[in-house]
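Structure, as structure tokens:
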Amino acid sequence: GSKNASNPKDGAASKGGKDGKTTADRKVAWERIRCAIPRDKDAESKSRRIELFKQFDTNGTGKLGFREVLDGCYGILKLDEFTTHLPDIVQRAFDKAKDLGNKVKGVGEEDLVEFLEFRLMLCYIYDIFELTVMFDTMDKDGSLLLELQEFKEALPKLKEWGVDITDATTVFNEIDTNGSGVVTFDEFSCWAVTKKLQVCGDPDDEENGANEGDGANAGDGVPAAEGSA
């Protein structure tokens, strides 16, 4: 897509200039944030996630509304150090996690995220941030746009991230939804996050003192990220 193709509201985590944060700003923030988001499925991460959920759940209902999630992302995780588009990113993550969680359970609370979906939401936010760092690395000329050659050179990194591509040109053209010959961050992130969640995303399966213990046990979740992408 062209520079004009991306929706300003969806400019989540665009590069310096569009986002108001520079590549250097994001790199520094990412080193802290990647450790602050407890998205893994080991015992320590589960314990941290339970505690974080309780901190987010200011009303003590065992369910999080969007405002509670956004407030927690600002006040507790301080994710705004990475991007000036945090509300857009959190809204996407909130909706995605809620929808996927409801699909797994067969039921779900409308406009609320329960503990079962909490890990999904954290994974989605983490993935968007990780994608931004990756896009910074792939976009070698700093044009805010990804060209086919840059995309081809990044295939090994994409494979590490969980997306194995055999026909780079065909996939690139699929991502380039308006056929402009270049890919914006929004086009790239929408494609890549969907691919990654299909491969790796799954809800939490532990109980947190409520009634969430019937969650899916679909796998071990998102693999360890490449730190500097």
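Note that Cβ sites are derived from N, Cα and C of the backbone, with glycine treated the same way.
What Swiss-Prot lists as Ca(2+) 1 binding site is D57, N59, T61, K63, E68, and the listing cites sequence analysis. Cβ contacts within 10 Å of D57 (Ca(2+) 1 binding site), excluding its own Cβ and spanning all protein chains shown: 21. Annotation note: D57 (Ca(2+) 1 binding site) sits in a coil segment as assigned by DSSP.
Within 10 Å of the C-beta atom of E150 (Ca(2+) 2 binding site) sit 19 other C-beta atoms, taking all shown protein chains into account. According to Swiss-Prot, the feature Ca(2+) 2 binding site maps to D139, D141, S143, E150, an assignment based on a curator's inference.
Among the features that Swiss-Prot reports, compositional bias 'Basic and acidic residues' is placed at 16-25.
Annotated domain 'EF-hand 1' per Swiss-Prot: 44-79, in sequence order. Look at the domain 'EF-hand 1' (44-79): DSSP puts its residues at 24 helix, 2 strand, 10 coil.
The feature domain 'EF-hand 2' is assigned by Swiss-Prot to 80-115.
The DSSP breakdown of the domain 'EF-hand 3' (126-161), given as helix, strand and coil counts, is 26 helix, 1 strand, 9 coil. The domain 'EF-hand 3' annotation in Swiss-Prot covers 126-161, and the record cites sequence analysis as its basis.
According to Swiss-Prot, the domain 'EF-hand 4' annotation covers 163-198, on the basis of sequence analysis.
The region 'Disordered' annotation in Swiss-Prot covers 1-25 (among others).
For 202-229 (among others), the entry in Swiss-Prot reads region 'Disordered'.
Secondary structure counts, DSSP: the domain 'EF-hand 2' (80-115) has 23 helix, 2 strand, 11 coil. Taking the C-alpha positions, the distance from E68 (Ca(2+) 1 binding site) to D139 (Ca(2+) 2 binding site) comes to 35 Å.
Neighbour count (other Cβ atoms within 10 Å of the Cβ, all protein chains): 9 for D141 (Ca(2+) 2 binding site). Per DSSP, the secondary structure of the domain 'EF-hand 4' (163-198) breaks down as 22 helix, 1 strand, 13 coil. For the domain 'EF-hand 1' (44-79), the mean pLDDT of the prediction comes to 96.
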